[in-house]
Amino acid sequence: MVSASPKHESILKSLNNAQARAVSSDAATVAILAGPGSGKTHTLTSRVVWLVDCMGFRPEDVIVATFTVRAAREMKERIGKALKGGRENKIVLGTFHSIARRYLSAYGRHIGLSQKFGIADDADSRAIIARICKRLQLAIDPPAARAWISKKKAKGTEAALAASTRKQPAKPTAGLQELETCYKEYQDHLDRSNLLDYDDLLVRCVELLRKFPSCVANIQTVLIDEYQDTNGVQYELMRLLAQKQGRITIVGDPDQSIYGWRSAEIRNLWRLLRDFPGTDEISLEENYRSSQSILDLSLLVIQQDKKRYQKLLKPVHNKGSRPVLRKLKSASAEAEWIVSEIRRTLLMSGAMLNNGDVAILLRSAALSRHVEGALGKAGVGYKMVGGFKFYDRTEIKTILDYLRVIHQPENNDALARIMNVPKRGIGDGTIKVLIEEAEKSSLSLWSLLIKHCRGDRAAKTRITKQAEQKISGELLRLLNGVRKRVTEASDNTPFGLVETIEHLLTALNFQKVLQDTHPDDHEQRWANVQEFISLAADFVRDLQQSGNDALPEIEGLQQTVDDDVLPRFLANVALAADAQKGEGGQESKPLVTISTIHAAKGLEWPIVFVPAVYNGSIPHMRSEDGDEERRLLYVAMTRAQCLLYLSYPVYSSMGNGERNELSPFVAPLGSCFAKKGPCFDRPVVGQIAQILQRELAPDEAVFKNLPPMFSMEDNVFPIDPDEAQKNAASRPSGGGEGDQQTGEYPRSKRPRLSVPTLVSQNNGEEQEWRKEYATTMEQASNFTVSSLPGFVSAGTHQVAITAANAAAEASQRKERAAKLSASRRPPDQKTLMDFHRTWQSRTQKLPKPAISPELAARKLSAGRPTIHPTAAKPRIEEDKSERKQYACFSSSPTRPPAPEAAVGGEDQDGPPSPVQPALNLPKGLGGAGGLRRPAGLSREGIAPMDKLKKPFKPLTMKRL
């Protein structure tokens, strides 16, 4: 490690120990295994700055390869802030495809590649293969053939050579023969049209660097981001780029390898460790994104793969709320629950969270139908990630096709798309036949049209005279004129990119074309065109500010100067597949994000919903790699920072009554999930604020914004739909279907009309009846909503009426109380009735019993008094008289029989005295001997409490 200095410390001070070790490693090859949220981008950019500032490498001798334009742009901005002085512009930084294009543009002529080669995008490739299959009558599916060709190229030359050395079957199958035929025809067509598809960019660059290694003789180090997503040809390209010094730094996570369908090979990590035995392996284990609960459960999911590279993740944040696994009745109920939970979460958090903090991640885009419908019905704004791209819009693609033909007339597909735009009387059928004729004659469509219009070669396809005049007088003349002005442009007569586009739009009267072809939304489409012009101007300005991005001069190797702006702009558009700009620039308000899991890789949100977690969706029914499907779920779960919700519908959305099974990746961990959303009390919301480092909203602000009758708990939908349906079926009728759906008991016993239901014949599942018409109230976007000023909802209006009635009733009670208080007499005022009927209540006071002073000082000895038995209780005669029975009163209980009187006893009028006076006193009263104990009395004598209960009777002279 280089000795410490102020510059070194400034780079390392923001890194933890593992990150600092990775950044400052002296090893030639460094493998940084970075889990989700561990700061891999920060580590990689710091490594670049370290190599330039501390190791002394020139920026132009450093290559940094990423997988997306977004990642490349972000990394360039971070490096620029650290390096300063514009040195980041000299670094060869971009995607694998953009880096390959730069080398092919500079040195491609050494392998026979024309300088003005074009790039065929996916749409062009699919169209070419479809025409080949039709022309040659191949019994193969064009999309399948396209995927097969792409995988064949992506495996790389090493894999192809290894396959050729293996023993091949004696005779290939018919399907394989047709695929090989299609591949050969497809490649011949690209060569004739001077086109390269995305895979060819990498394949031809590998060919260039293998034959002419001096092209990269200056490269000191190569850094690769998202290494786990590399395929075979990209691994070869990485090795060839670093072949001079062999200094490589890779950053990746095998647990996030989710592009196997795109030929990504997770085994490339083991290939690196095998080919570079001195590799320094460093794991970044501290997670700065997710709460501990989310991270622990995500690790339990990915650790089911016993073949994975074992590594751990340590949470930095607090424990947080447990992830939720929700079970809903149907896909529509699942979507409605998601919307209700989003609303509950945002309201209970105050102003701390908004719609922009929420993401709904789907296994496939086809699952968005129910979610989009529920969000639209609730009036919640959302955006689609990876949706319809800006450059794929019809009006933008038309302008791009005109520019492609101006730059490269041999592009058959681009020329075919603009032949009848604007209308020139050429039908689609005629255009298809012309393309087939040109390809059969090994000509480009442009050459065929030129020869036909000049009379050099008449086309076999019938073209009307009017259409021929339109092609010759409008299309060909316009394209040739613009091409001439572009090639003859100089400093005195500039005709740049923006001028070319504006000239095209004026010559085509493009605004009028949009009005005629798209009368409903022509204004928005024209705004898109203006945005496209702004993008072109930004590209030219950035190009001027960053300077020429030419590669460093290599001694003894001639480099082609790439100073033409138009082909560079077209290449930038073709390669920037994920760099789409919205119609209006930045969103005016935060929107919920709907994205596929693949498109969400590398992103994060405070709240993440992952619906449809059932077998057939995750893992997908057509997936061949279960481990990759598990990694896909792991990626989705680790996008969440604070709250994670997984859900699945019990019944299939196909309407066949089939039940869905919970994903096998989640089923063993069901007890680790919460069954419903968290209770947003103060501690829970406080943990969210701590993780996001946001200000916690006060309770008053939260409850002030809660609407009437708002449920603060996740109890609108039942936790177990099956149990709720059984309970609803066992209840008396009249509960209404709404109770069956939510699982709540009816609030009233009055009968209500139920919505008709349909019962599936398969398993008796009750399906909701849907009417064939729509009402205005169901179209929430077409009528006034309560959020507009001057309008209130019915519920709010009812609450206001109830409050007004309560206030009026309280006012009436006050008035009545005031009248009563005015008519009342004072407390000391007598009435006439009181004067005639005076009640006298007297209390007779008896004198206290007096004790003679002589006896008051007398004391009894400590002896115990003699106890005499009490007289027998008098016999109570039973009342023989008849009692009158009253129907309104209950009968008295049966009285027990009175005990019989003792023999010889007599009835007495009153109760006997409890204590009888002694007949005589024993001798020695008051002496030490005390009193004699009567016969039959125990030694203990009378209990103290009984003694206290005896009535006091003073002694008399007679008793003495």
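Note that the numbers count up from 1, one per residue, in the order the chain is shown.
Glycine is treated like the rest: Cβ placed from N, Cα and C.
Pulled from TrEMBL:
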type	residues	note
BINDING	A34, G35, P36, G37, S38, G39, K40, T41	ATP binding site
COMPBIAS	874-885	compositional bias 'Basic and acidic residues'
COMPBIAS	950-960	compositional bias 'Basic residues'
DOMAIN	13-291	domain 'UvrD-like helicase ATP-binding'
DOMAIN	292-602	domain 'UvrD-like helicase C-terminal'
REGION	714-769	region 'Disordered'
REGION	856-960	region 'Disordered'
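This view paints the features noted in TrEMBL onto the structure.
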residue	record	Cβ contacts under 8 Å, 6 or more apart
A34	ATP binding site	K40, T43, V251, G252, D253, S283, L284
G35	ATP binding site	D253, D255, S283, L284, E285, N287, K311, L313, T638
P36	ATP binding site	D253, D255, Q256, N287, R289, S290, S298, L313, V635, T638, R639
G37	ATP binding site	N287, Y288, R289, S290, E604, T638
S38	ATP binding site	L284, E285, E286, N287, Y288, L313
G39	ATP binding site	N16, Q19, L284, E286, Y288
T41	ATP binding site	A71, E74, M75, R78, D225
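In the three-state DSSP reading, S38 (ATP binding site) counts as coil. Mean pLDDT for the domain 'UvrD-like helicase C-terminal' (292-602) in the predicted structure: 84.
Other residues of the same chain near the ATP site, with their Cβ within 8 Å of the Cβ centroid of A34, G35, P36, G37, S38, G39, K40, T41, are T43, D253, L284, N287, Y288, R289.
Within 10 Å of the C-beta atom of K40 (ATP binding site) sit 22 other C-beta atoms, taking all shown protein chains into account.
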